[in-house]
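A.B. asks: OK, Swiss-Prot features for this one:
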type	residues	note
TRANSIT	1-52	transit peptide
REGION	55-89	region 'Disordered'
COMPBIAS	56-66	compositional bias 'Basic and acidic residues'
COMPBIAS	74-89	compositional bias 'Polar residues'
BINDING	Gly302, Ser303, Ala304, Gly305, Thr306, Gly307, Lys308, Thr309	ATP binding site
DNA_BIND	776-796	DNA-binding region
REGION	902-929	region 'Disordered'
COMPBIAS	916-929	compositional bias 'Polar residues'
Amino acid sequence: MLRRLLQPAYNVALSGTSASTLPRKSASVGLVRTALMPVDYNAGALFCAMRFTSGTEKERKREPKRGSKRRSKATTTLSTPTDAQTSVTGAREGVALPQENMPDAIQPPATLEVRAAEVKEEPLAATPPQIQPQEETMGPIDGEPQLPLHSTLVYNALTGRMTSETSPSFLCLKSIGFGVNNKRQLYVEKPDVLRDLAQRMRKGTATLPSNWPVTIIRALGVILRNRRVEDPAEAIQQMMQVKINNLTHSRYAAVVNAVGDTDLQNILDGGLADEFVAVDLNEEQEKVINLALKGHLMYIGGSAGTGKTVLLRALCRRMQAEGLRVAMTATTGVAGCHIGGSTFHHAMGVSAQGDFVRKNHLLSYDAIIIDEVSMLPKKMFEEFDRVLREEAGAPDVPFGGVQIILCGDFLQLGVINEPPIIHSTTFREKFVKIRLETQVRQAKSSLFADALQQMRVGLVPESLTASVEQLPPGTMVPAAVNLLPTNKEVNTANEEELKRLPGDAVTLTPETGITALRCDTTATLLMRTTKDFKVEEFTKHLRGLLQATVDIPRASMVSAYRIYEDGHAVRVYLPQSESVAWRDAIRERFLEVAGLINDLDIGATVTEIIPSGDGLHTPEHEECLQRLMAKHPIAQPLTLKKGCRVLLRTNLTSRLVNGSIGTVVDFVECSMENIPVALRCERVNRCVDRYRIYCTMECGMPVPLLPVVKFHSGETIVVPPWEFLVGGNPITQYYSLSSVSLPLSLAYAFTVHKVQGLTLVGRVHLELSRMWPCEHLLYVAMSRVRNPEQLSMSSFDPKMVLANEACVKFDRELNTVDNLPSLAEYPVSSWKRCNDMVYHLRRQGTSLDRYLQNGAAKEGGSVPVQQLGLSGPVKGSLEHSMVVSRRLRKLIKQTERTIRMHERRQKKMAVEGAKQTDTTKASSGESLE
């Protein structure tokens, strides 16, 4: 009977029936079964309930209004050069367009008819369909999921987007031999058509139409025109399969620049472990981590080389292991890349004008780490505090209860033309401030370390000119990294040094992948929404429904966004730090709620349930990710020659780290056979295959090449292509964009700002003749090396040794981790207060359970209470204790829920104003009772 009850709803997830057509009694129950079946992510996407029109927003605007006639048998024939172009709009409307309006282009000679009746699309109903009981079926429940039969959605690996079979992009591809396989993926259905088109394009008698989508022309044009590609159809299919495989394998991979949930085990399983995870921390660093786990607002200071970056990486891993959502950010892109995070502006949604435009996402984290905080303006810092308090509805709680961990050195490069945050009252009074003292970088050169400490506070050390080599003014050292004042001079110096080298240059272009979800989520709901639909109100209702049976941590994200002109997509982000049982429970409850949404008067109707959210991003998401990728220091074309000097921009081994310098000695073919054995793993293998196919198929390189670099440490290795990711945070609805490129850059010259936070391995030269006096500039430049033998400088002037007096005073007042005042007066973050309360209740519950077990053992060993045969007061006492124990466990869950409800009430009261405060409190109190 239960199987028959579940079967209709289970068929929804497999056979393409709309959720709204389910019997209401089984809608919320039967959908649970979908979450328990194995999902074939290789399918690109499995689709349910094919009533919702797909395609981009522009494509939807071209759709006819509901009720228009769309089933005429008008036909556009593709057979001659003049009539080759099918106007997609005309085909979709069922109207044959005049040939003179079509652009000149040549298509395959085979006659291909596209009938509007064959690609018709059922218009959206004005109201949900009537509920009809479904005939009971006994289809298979276990095993491979059955694919839907009526889907109009297709995953296009060429563009990385979901699209409709009636969309312009799909009709364009269908006209040249593409089709849809049984996994609802785009594939080469008619290879002969593609081969014939390629032959004609190579002869110059055919071309792809100029009005086709640019992404399709760019993806196919190079392969179809490349004479070295013997079978273009097979090459295109291979290229699409590599994109899909990469998407599948990296679905749960950690985002390298992620602001948030990075799964440690996934990194280790990926092959190359993060060396910062296994690094040995000194005693001082361990104490700082333990202090941070107490939940206080913190500032971690210290001079250059005291291990702040290593500490932040280890702290982030430790906090994530505790189940916390952590945002790793920095005020500069270079520093963000170095610590494995992103910029503060991107992560927190700060506009160019300094406004926080994504306020509703700021409470998505339990802790936010900000590196290089010396470059954070006081005004932005205080605005960040104000916005978090406002969003949390807690005006008296610093940063709304979110733990803020700041790191940096105010005696290094700071913010320009604005006061630093040391002048902020909140920073001075609410933050636990400590200073790291153990020197790590210059540990083997105490005299040089002492000289740097004097420069740090604005003093000119007597031993400086004696320990550092002095060169004539205007000197450029060919064998060194030259630190110059401006980016223009740096680019000019790098280009000139490269031109001086003999031989041909090799330009290696980075491969930019497809936008995708690389995290764990629930299924995605596609909803038809009304004009007055409000995302914030809907999210509140959805969270309320989910929390009816499953407790959702405050930082867990309900992702809801507009994807069509009259539709939204909704899913729940599942942090890897949460337990598997919790994630499974959320998946089940989410599908139950999907069957309840249509009964609520909130302006939304669920029309599709899609297990995978890949390809459901918006053009705005993609544009944002493309802008971020364009600014990434590694995702730029790299021109190299034999003999050129390069800087490693990632960590390959314990000895080859970010900042290592070497020389390109050769180029070899891009293949796994040439990759060092120590670096071979599944992750590198995917990057090599992806980059090789990209260079061959899309760039037209006859032989994809990789550089062989001899580093100053003595190691000579083939540097493999590396994957870099941007995005993966609430601003982009957790979508990420990946790029595979060479983790190298020319290392003849840099600005001082670009190397702040790095340890340079090799010779470094400072050309000071064109540098203007700037506070802390000389100290930052000279502290990039481990010993004075690496360093040389020219045009040194003692007047350039400058330090800000207020920053020097602040630094001297900092305490060490062993000499802190009482922490009782400092605020504690919300996650810590909640954890302490729950821990206390659970400890009481554990004690009661232990007491009951001991009582049962006295009466009969490990026999259950029900089988003890007790009677009278003893039996009544034990039964009462069992009831109390169950109630106590229930109280634990209610306490967690009440804390979150209290936070929501405070936020609501702050918004509604003082006039409605009393009314809101009364109603909230009644609801709690």
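Here the Cβ of each residue, glycine as well, is placed from N, Cα and C on the backbone.
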A.B. asks: Taking every residue in the DNA-binding region (776-796), what is their average pLDDT?
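C.D. replies: The average pLDDT of the model in the DNA-binding region (776-796) works out to 84.
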A.B. asks: Rank the binding-site residues Gly302, Gly307 by the number of other Cβ atoms within 10 Å of each Cβ, and give the residue at the low end.
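C.D. replies: It is Gly307 that, of the binding-site residues Gly302, Gly307, has the fewest other Cβ atoms within 10 Å.
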A.B. asks: Secondary structure at Ser303 (ATP binding site) (DSSP, helix/strand/coil)?
C.D. replies: coil
A.B. asks: Please list residues from the chain of Ser303 (ATP binding site) whose Cβ is under 8 angstroms from its Cβ, counting only those at least six apart in sequence.
C.D. replies: Asp409, Leu411, Leu436, Gln439, Leu452, Gln453, Arg456, Ser783
A.B. asks: What kind of secondary structure is Thr309 (ATP binding site) part of, going by DSSP in three states?
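C.D. replies: Note: Thr309 (ATP binding site) is helical by DSSP.
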